[in-house]
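Step one of this worksheet: look at the structure below.
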Amino acid sequence: MDTDPGFNHANSPSQHPDTELFSTEEDSSLYFTYSGGCNELQVNDLHYEILINGKPNTPQLVKKSIAHVRQDDRLLPHLTVRETLVFVAKLRLPTHFTQAQREQRVDDVIAELRLRQCAHTRVGNDYVRGVSGGERRRVSIAVQLLWNPGILILDEPTSGLDSFTAHNLVITLSRLARGNRLVLLSVHQPRSDIFQLFDLVVLLSSGSAVYCGAARDMVAYFTALGYPCPRYCNPSDFYVDLISIDRRSLEQEAECLERATVLAGKFMEKVRDTEDHMWKPAAADTAPAQTESPQQLSTVKTEEVITISKQKNRLPGRLHQFTILIRRHMYNDYRDLVTILVHGFEALLMSLLVGCLYYGAGEERLSIQDTVALLYMIGALTPFAVVLDVIAKCHTERAMLFHELEDGMYSVSSYFFAKVLGELPEHCVFTLVYGLPIYWLAGLNEAPERFLLNFLLVWLMVYCSRAMALFVAAALPTLQTSAFMGNALFTVFYLTGGFVISLENMWLVASWFSHASFMRWGFEGMLQVQFRGNKYPITISNITISVDGIHVVEAMKMNQYPLYSCYLVLLAVCLCFMVLYYVSLKFIKQKSSQDW
């Protein structure tokens, strides 16, 4: 179906006197009456010059005036409804709001959108049990409503909802439109009681307007054209079917296209000379100018005085945004106990499997060959798993990140530092769970300082892989391309790490990659930590001599640089990937996979 009807709520307080919109239970709530004056949106000429309250459209003006509720809900699943709104209130409300005022605004939004019964329930998603679909949609609306925008645009807010929930949702939107707010929404196949709530309606067929005007006048308009709506039939269903294109056969398609073209042409003829391009009955008088009651005037005047007397409505700074985001990040992540336990068990299982394999050496120390293989395996197992886990997690957050950055909720730098530092405790714990058992089970150098030096190298290698995964996930548009590139980079670094092929036998390009390979520098550092100062017996024919293990490292060409340089290079590699990650966040739109 090529039809896309759109609906526009105007600010008329008495459009439908027969419809009761305000329940006595909620009449004590604020209803979020917008105090910034009547809002007006104009579209002039064919180049789509959009004016907001008479001003040219700019990104800054859009962020201040318009709230956009997308068709799909993008919310953190492990936060409760109230926590979600509290964090948004801290990010979107001006700094002069007190804590009590923010909490009151959250309470008012919860009451207005009838979310009290689920205020302390997790939002959830397709995999985490939480609120219902209709409640989750109302939470998405509440997120935008918190900062009290003058214009609210919703993209098919009733999609996926049952008819009862959809009706209640549109009633809520109609109540909001009565609060001096402009509400525009697109809806497919609204039922009759939903259609009665609309003030203005636009019908589109193949991109052309077939009707634009008051909803109550739509039946009269089409009746005058010879298409009366049958009795007991939903007008929206009947006239959407009338302008839809039936493509089951060429004859039917041609007939429908001709009818839609004629209807669109007749509508253009009727509104050609009108200023607003909206159809009005011939007998209808010009709409009276809106008058404000004394109470409304006093409210506006009071608001103006407050606006003048207070400082500029500044939003929280980047440092404040960072503190809010890191708390929100930790609230959401550390409540996901299943994922945390799975990742912890994954790290522990790999450590125990490898450690038990080398535990069979008993009292004897591992041979040189086994020790070298073990050290390289330690640096390769967990980083590979971390790459895939981080990429998958980042892509689940991309859509929400894109929408929040587009809405101007926070800056890229605030999110970057909150993301990096918020995941740091989790990274440290998982690396410890992985590095401790395997070290002692395999009987590596028991000196405490050797263990600490080795653990720091493992920690840096794993973190380099995490930083690389963050960069790849932010730089590439889809999960599949990010996973492919992450695996490709890790494989290149793995092959040029100095174990699969010696550094001296690598050709030129491979040697270049080896200098950037965190696998190579971590491996080289662990070799020096384990072998330096340890004596190993080497038998040549009938002669056995004791050789310092550092000579083994020298034979592998892994002792060309001092030990501290390995740590410095790993830090530099990690820093480079972090800078690339920040640049990707800054200049690449973090759309979800289906939006590209």
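Residue numbers in this text run from 1 along the chain shown.
Glycine too: its Cβ is placed from the backbone N, Cα and C atoms.
Residues or ranges marked as domain 'ABC transporter' by TrEMBL: 1-231.
According to TrEMBL, the region 'Disordered' annotation covers 1-21.
If you look up TrEMBL, you'll see 337-361 (among others) marked as transmembrane segment.
The annotation transmembrane segment is assigned in TrEMBL to 373-392 (among others).
Sequence-remote contacts of a segment are chain residues at least 6 beyond its ends whose Cβ falls under 8 Å from one of its Cβ atoms, and for the transmembrane segment (424-442) they are 333-334, 340, 343-344, 347-348, 350-352, 354-356, 358-359, 361, 366, 374, 378, 381-382, 451, 454-455, 458-459, 462-463, 466. The transmembrane segment annotation in TrEMBL covers 424-442 (among others).
Annotated transmembrane segment per TrEMBL: 454-476 (among others), in sequence order.
Below 8 angstroms of C-beta separation, residues 372-373, 376, 379-380, 383-384, 387, 465, 468, 472, 519-520, 523-524, 556-558 of the same chain, each at least six residues beyond the ends of the transmembrane segment (488-513), sit close to that stretch. Per TrEMBL, the feature transmembrane segment maps to 488-513 (among others).
The transmembrane segment annotation in TrEMBL covers 561-583 (among others). Away from its own ends, the transmembrane segment (561-583) comes close to residues 412-413, 416, 420, 453, 456-457, 460-461, 463-464, 467-468, 470-471, 474-475, 516, 518, 521-522, 524-525, 528-529 of its chain (Cβ-Cβ under 8 Å, at least six residues beyond either end).
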